[in-house]
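Worksheet: the structure to be examined is printed underneath.
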């Protein structure tokens, strides 16, 4: 049985030096403007940890010798809470060739902070002379008095008092912790009887085994027979039943099920694919054997395009032959992970941790209110709060984003408990309050209406504060800059210098506590520009306590939360360091910085990434995705991809922003193979897979018949005392090569085996081959301490990735515009599988491109990335044997489909060329050509109908809403931005195609009428295909039409130009002839 290593993210994983060897200094800026050193004499409380920390390894199992042991006295629980409070109230900055500093902030935002977890909460001041530090607080925000005399003391002075004989500065007596200690009973190292040391000071395994009657198998320090906790005993004092034997006797309950498509639908679907394939073969054969000798150039162009279209259709349809549906069972998930059992008597959550990433870059292009609403929906998601952490990456380093996130954390104190109390859906406040209909539907509590009204008022005030942040920051900065100018002028007068020679004071951007913002300033300055600023890390909401914290029944409270858990997940603001001369790799680089930062701080085994405009619409979506990861065989799944759904799209979806064919057809069909592609936002990753490792078991496909062969990449350690390391998961990786791949952060390297172990499914049945013991994740994670956060600052520096494999094998892959597709391809190429999950209620909702120009640029970016993939080593032709054949075909189609635009553009001009020249792609419209054309069209329509039925079988609702005329007119402004026409060079090809085909139809019709020998068959053939082209340009034409019912001026201009052009062409090609009576001679015509 495998054993779990201990998470090094707590105090034991920290070090007073960063991974680069730079010293870490801690400082606090007081209101008087001076800095107080918080170095604690190079962290002497931690002892000389530099060399030990560099060689820190993870031992299995975590027996008492593997717990964080201090050289001096153990810090009490009060000190640990003070450390965590200090972390949450400090802004950490650092980077390349700079000292990592922790700036203790008196305030983060201008408004009041109420939640005890949030940074900037204002407790009383320390009573020590010449100290203005903050008094320590507990989880509820109540002040902690370490001594019975109630002497007010801050964290730093308390630590100093511990070093000086542990005497209280107030009563001069030894600290009597009493009821304030709240010692953590979960810490194995707290038991003095277990601290068996030999004469050399090393841990004595034999003595420990004798005293504890422990073993290194079942019943060890990690999984004791009597339970994980001291109170895990029955009433008679006996331990519970043998959990391992009991779970082997229970029937296995799967968390997910794979539901095949009904035979009545999937069989005709496959039959029509085969029929259309053979019809295309016969048609193309007939076309090649029957060239148009009158116009070989026209025939050659058409046959080349049609051959490519057939090839492209085949690449698109082959991966679609095996679509599937899936279902999840949340009741079984709760039973396995959150229900009392022999291994978890008190029903503490055994679910793995989840780190949620939100990326933003520019608050001007990405409104901070939208980002704040996304954060609020994440903080309110239905998942164990102690297992959840949210990281916000601000690639612009803007103070506006920083303070907006702080405001969101403050408002979460009201919003999150409200959502839990009344089961609110969706949990994005802006979307929730914008819902139309009866808000009381389905609500059972009598105080819902009152609570909703109060929260709505608070949210309106919150929006006002968010929207007023730009002006607030500007006014504050102007005031502080003016003060600095006055100070400089006063200094010059006192020194007798010439005021005309006053040095220029930098126009800084100031934070709410009266200090310089270390990121980007409004007026760019060296070290304070968008591409040149230090790394910034702020714990907005510190990690919650492991036990529920219910609200107090107080009349002063806005809402009664006495029966609601008021804890909030950890929230971290991060802005990676940027310096000139470094390639920061845009979004992919920001995501990799988040991976490293979160690995040091929380190290959740799973990662969920969002764009700043995507929010959680279904609060059960995370649990549903976790069902796949925690089910049997889940250890081979690298990610769960959710479909991208959008709001704010017009009812007709004229720009195809929903991408229905791709998300509801292609992606679901790939789920029946090796899994869907990774398409960006809304994807839950396995952290271990992002590190570039192979899955525990995979399959290789060899030979012409692609014979499947199972391969085991790594096994569980045979010895329970084996030291699990990163190189154990890759045969090509050695201890010397590990830093070259992942960098030189010891905490980062130590987190890898922990993330792998915690991501395993529960081994509750022999069929689970690569699992972990039940109850292993019920132990609370260690609290954050300053050295840990300082280490996180070092891994987001601009130099960290130099000479490593980040972006090449590890993390998000660099070198492509579509880094998401390449990242998913690399995982599939190593043998991982992925899952596509379409929940009944849309999991996530986002904002689509608002107008046609933005949509065209988005499609162009995708196509550019696909071309880059085709001409790189990520081409599916070069894939390994671990990639299934049909999966390889799907990735080939990704790289090839942009080239279809060349043939499509050519083919759209052929009808116009045919009408101008008087020739057609075939010599005559005979029965064979029309039969093939009709058959291809019918099979195409049938396939479209069956794909729609497959979509219905998947549980995706297809709705049609009738809207009254008046209502449509009232809501017309909702889509006002959608109909704005912005000129772009991408508009030239479709406009040219449309104009040319219209002119060609008019020209050919006039020529046929006045012809002495009219050839109506060729005109009808060319005219039909021209109308076919124009019909496909209808959405584009609707986009040019702008808002409904209003025609822009450009349409009238083009119409006039068309009329003039047609008239001039007619006069030039067929001038009128005068007859004997002086009138114009007209020609007659007759239909064939």
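All positions are counted from 1 along the displayed chain.
From the backbone N, Cα and C atoms, a Cβ is placed for every residue, glycine too.
Just so you know, TrEMBL annotations are computer predictions that nobody has curated.
Quick look at what TrEMBL lists:
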type     : residues                : note
ACT_SITE : 395                     : active site
ACT_SITE : 820                     : active site
BINDING  : 359, 365, 366, 395, 586 : UDP-alpha-D-glucose binding site
BINDING  : 587, 611                : Mn(2+) binding site
REGION   : 1-38                    : region 'Disordered'
TRANSMEM : 267-284                 : transmembrane segment
TRANSMEM : 296-315                 : transmembrane segment
TRANSMEM : 890-921                 : transmembrane segment
TRANSMEM : 927-946                 : transmembrane segment
TRANSMEM : 986-1010                : transmembrane segment
TRANSMEM : 1049-1069               : transmembrane segment
Stretch of maximal Cβ-Cβ contact with the transmembrane segment (296-315) [cut-off: under 8 Å; candidates 267-284, 890-921, 986-1010]: 890-921
Stretch contact, the transmembrane segment (267-284) with the transmembrane segment (986-1010), Cβ-Cβ under 8 Å, 3+ pairs: no
Residue 587 (Mn(2+) binding site) to residue 365 (UDP-alpha-D-glucose binding site) - Cα separation in whole Å: 15
Cα proximity to residue 586 (UDP-alpha-D-glucose binding site), best match among recorded positions 395, 611, 820: 395
All-chain count of other Cβ atoms within 10 Å of residue 365 (UDP-alpha-D-glucose binding site): 9
Among 359, 365, 366, 395, 586, the record's UDP-alpha-D-glucose binders - longest CA distance, Å: 15
Rounded distance in angstrom between the Cα atoms of residue 359 (UDP-alpha-D-glucose binding site) and residue 611 (Mn(2+) binding site): 6
Rounded distance in angstrom between the Cα atoms of residue 366 (UDP-alpha-D-glucose binding site) and residue 611 (Mn(2+) binding site): 10
Spatial separation of residue 611 (Mn(2+) binding site) from residue 820 (active site) - C-alpha basis, Å: 13
359, 365, 366, 395, 586 excluded, remaining Cβ within 8 Å of their centroid (UDP-alpha-D-glucose): 360, 361, 362, 396, 587, 590, 612
Under 8 Å by Cβ from residue 611 (Mn(2+) binding site), counting only residues of that chain that are 6 or more apart: 358, 359, 680, 681, 846
Among 586, 587, the most crowded of the binding-site residues [Cβ within 10 Å]: 587
Under 8 Å by Cβ from residue 395 (active site), same chain, sequence gap 6 or more: 359, 360, 361, 575, 576, 578, 584, 586, 587, 590
Position of peak Cβ density within 10 Å, selected from the recorded positions 366, 820: 820
Local Cβ density at residue 359 (UDP-alpha-D-glucose binding site) - other Cβ atoms counted within 10 Å: 22
